[in-house]
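Just below is one structure, and these are the notes that go with it.
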Amino acid sequence: MSGAVLVAIAAAVGNLLQGWDNATIAGAVLYIKKEFNLESNPSVEGLIVAMSLIGATLITTCSGGVADWLGRRPMLILSSILYFVGSLVMLWSPNVYVLLLGRLLDGFGVGLVVTLVPIYISETAPPEIRGLLNTLPQFTGSGGMFLSYCMVFGMSLMPSPSWRLMLGVLFIPSLVFFFLTVFFLPESPRWLVSRGRMLEAKRVLQRLRGREDVSGEMALLVEGLGIGGETTIEEYIIGPADEVTDDHDIAVDKDQIKLYGAEEGLSWVARPVKGGSTMSVLSRHGSTMSKRQGSLIDPLVTLFGSVHEKMPDTGSMRSALFPHFGSMFSVGGNQPRNEDWDEENLVGEGDDYPSDHGDDSDDDLHSPLISRQTTSMEKDMPHTAHGTLSNFRHGSQVQGAQGEGTGSMGIGGGWQVAWKWTEREDESGQKEGGFKRIYLHQEGFTGSRRGSIVSLPGGDGTGEAEFVQASALVSQPALYSKDLLKEHSIGPAMMHPSETAKGSIWHDLHDPGVKRALVVGVGLQILQQFSGINGVLYYTPQILEQAGVGILLSNMGISSSSASLLISALTTFVMLPAIAVAMRLMDLSGRRTLLLTTIPILIASLLVLVISNLVHMNSIVHAVLSTVSVVLYFCFFVMGFGPAPNILCSEIFPTRVRGICIAICALTFWVCDIIVTYSLPVLLKSIGLAGVFGMYAIVCCISWVFVFIKVPETKGMPLEVITEFFSVGARQAEAAKNE
């Protein structure tokens with residue numbers, strides 16, 4: 001996974017520039033207002049500081065849609081250019097107006113980074129470490145603030161500090177970021193697949209995963225192009241084809257899936273279970289746990305929770321279902337493999353798709369777009385408009401490093417992707433069939449029908465045959481269109497990925513699953529901004545001054561302005577170890593758990609600040625309580641409420657609308673940031689410091705309830721599976737409302 005880690009670190013350099021800019025202007029404005037005589041014109045001073053915020057808000061309104069159109073990488077390159085040009089303009093700025101222009105360009109770069117870096121990291125990171133890598137922007141942003149405060153503090157000790165140099169030095173790290181985006185960062189493989197550039201997407205995935213066989217994840221990326229659709233949750237017993245018999249608890253009269261292992265002659269059969277799993281029970285009857293815990297809890301939360309409760313003992317870091325899945329099905333007719341479906345190779349309708357059999361051809365990538373082999377089962381299947389669908393078959397497998405516990409059809413987090421053909425007779429006796437895609441996930445136990453526990457294929461087995469129980473999300477494949485069945489009698493029965501990705505954005509945004517995800521994302525962004533972080537940052541220098549830090553620094557010969565910068569540097573430095581802990585816990589404990597655990601600490605810290613400002617007490621006691629509360633607030637904020645909203649927002653939206661949906665969430669973030677920043681002085685005058693912190697404590701209480709009721713746990717799950725669950729959960733909620 002080193003490729004994905006290095007790419008995430010490089011992308012997070014953009015957030016380092018954001019933190020650098022935020023801290024630099026806080027120090028430089030002390031000298032700007034002296035040079036331009038702004039002491040009597042605070043509105044211009046405020047505009048200089050806020051211009052970056054205004055630029056970020058403006059660019060966010062269009063950044064998501066443009067990123068979905070042009071790609072993630074070009075927008076990151078553009079952000080580095082804006083940072084670079086903005087820093088040079090600020091370095092030159094002969095007057096306030098040029099300085100405002102430089103701040104505006106700088107704000108454009110900030111807005112692009114805040115919107116796109118979480119998307120980019122989520123789309124390139126493996127599910128098992130996606131939380132860790134998406135916490136990197138929080139770490140690099142705070143690290144950039146610390147480095148900038150140290151630099152500005154050092155400059156403030158000079159006889160005549162130059163604010164132009166303070167702001168202009170940003171061009172050095174922005175130049176580094178430019179070279180990283182141009183020469184190191186690849187395009188997001190998910191975006192490439194959405195544009196039909198399959199060969200390029202495959203090469204990027206191979207680089208990111210460090211292995212040649214990425215057929216399972218390539219298939220997953222194609223399946224992620226769909227939005228909505230009828231998804232059902234089913235339960236299967238999976239075992240060797242010759243061992244699963246007609247037991248009373250296995251519904252053999254229904255559809256079955258045949259899976260082939262990596263070794264010749266090794267095959268498996270998956271058959272439905274009567275009664276179903278925890279997930280399937282939730283799908284049919286609503287959330288039993290929600291009803292037991294209270295009707296307000298979103299069934300979606302319980303649905304996600306059931307996945308993590310049923311994880312195998314090996315945890316989400318391994319794919320425990322089968323160590324090896326071959327490429328499992330084929331399609332007859334003239335059908336290219338999906339890596340050959342490149343946008344540049346499209347020809348007219350009715351013509352054969354060209355096929356590339358050069359060095360870039362991958363015989364292991366048979367899914368979901370298939371080889372030309374016809375099997376005996378095809379004869380009994382109905383002919384489709386663009387070819388004939390056949391049963392699953394064993395594809396050749398690359399023997400080599402495939403990642404821990406991940407076969408060619410593994411998609412991360414213990415999930416596997418597969419397909420099935422179902423066939424039944426209608427009332428008139430006519431046969432009708434359907435092509436289905438399934439995401440399989442082991443239910444947490446493994447054993448034999450005779451009661452013995454044996455190892456999976458590839459391990460040291462006993463004489464007993466083994467089976468596993470697996471939950472399955474079953475839906476229509478993204479590339480399979482029933483509408484095509486009536487159009488032609490021959491040809492491939494699949495749509496091109498770039499055609500699948502086309503559609504009305506507004507129609508996609510009104511999908512119930514997308515709307516439900518937007519409620520979670522926008523709600524988290526609003527509550528995060530009103531939870532008090534800006535107020536505590538504003539109050540920190542005053543608190544530390546009361547604690548005697550200012551007196552200590554003045555005795556050392558440090559001026560008041562330099563002392564405030566050093567205090568801010570120390571405050572930022574305290575955050576870094578806490579963020580490092582959050583990086584470790586984000587994939588172990590999970591996003592939801594961290595939020596539910598850390599928000600009560602924020603509430604307690606704010607209440608202590610309220611009490612210390614209302615109750616008359618000794619100055620030393622007051623300083624100690626205030627300092628401890630502020631430090632605890634900062635540490636636990638950056639562990640949970642700081643990074644978690646952006647991480648969740650980057651995970652819960654479908655590929656086709658991920659850019660525009662995250663832009664909506666980011667726009668909410670910036671608007672709320674502006675409201676909180678400019679309302680704080682007014683609130684301080686009207687209700688006082690204790691009233692402000694009391695209001696923030698109430699918002700944190702509301703935040704905890706919102707997370708408990710509405711925010712699901714997404715750790716270790718592939719992005720496409722997460723969005724599928726949102727679709728299922730939205731329909732559950734609608735069904736419950738109708739009942």
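Note that Cβ sites are derived from N, Cα and C of the backbone, with glycine treated the same way.
Keep in mind that this is a model prediction, so the values were computed, not measured.
TrEMBL assigns the feature transmembrane segment to one of the listed ranges (8-30, 560-582), namely 560-582.
Packing against the transmembrane segment (686-709) from elsewhere in the chain are residues 296-298, 301, 523-524, 527-528, 530-532, 535, 539, 592, 595-596, 599-600, 602-603, 606-607, 609-610, 613-614, 641, 680: each is 6 or more residues past its ends and has a CB under 8 Å from a CB in it. Within the chain, the transmembrane segment (163-185) has long-range Cβ neighbours (under 8 A, six or more residues past its boundaries) at 6-7, 10-11, 13-14, 16-17, 20-21, 24-25, 27-29, 31-32, 35, 73, 76-77, 79-81, 83-84, 86-88, 90-93, 102, 106, 109, 120, 144, 151-152, 155. Packing against the transmembrane segment (133-157) from elsewhere in the chain are residues 4-5, 8-9, 12-24, 26-28, 30, 117-118, 121-122, 125, 165-166, 169, 173, 558-559, 561-562, 565-566, 568-569, 572-573, 575-576, 579-580, 582-583, 586, 638, 642-643, 646-647, 650: each is 6 or more residues past its ends and has a CB under 8 Å from a CB in it.
Same-chain neighbours of the transmembrane segment (560-582): 23, 26-27, 30, 135, 138-139, 142-143, 145-146, 149-150, 152-153, 156-157, 537, 540-541, 544-545, 549-550, 553-554, 594, 630-631, 634-636, 638-640, 642-643, counting only residues six or more beyond its ends whose CB sits under 8 Å from a CB of the stretch.
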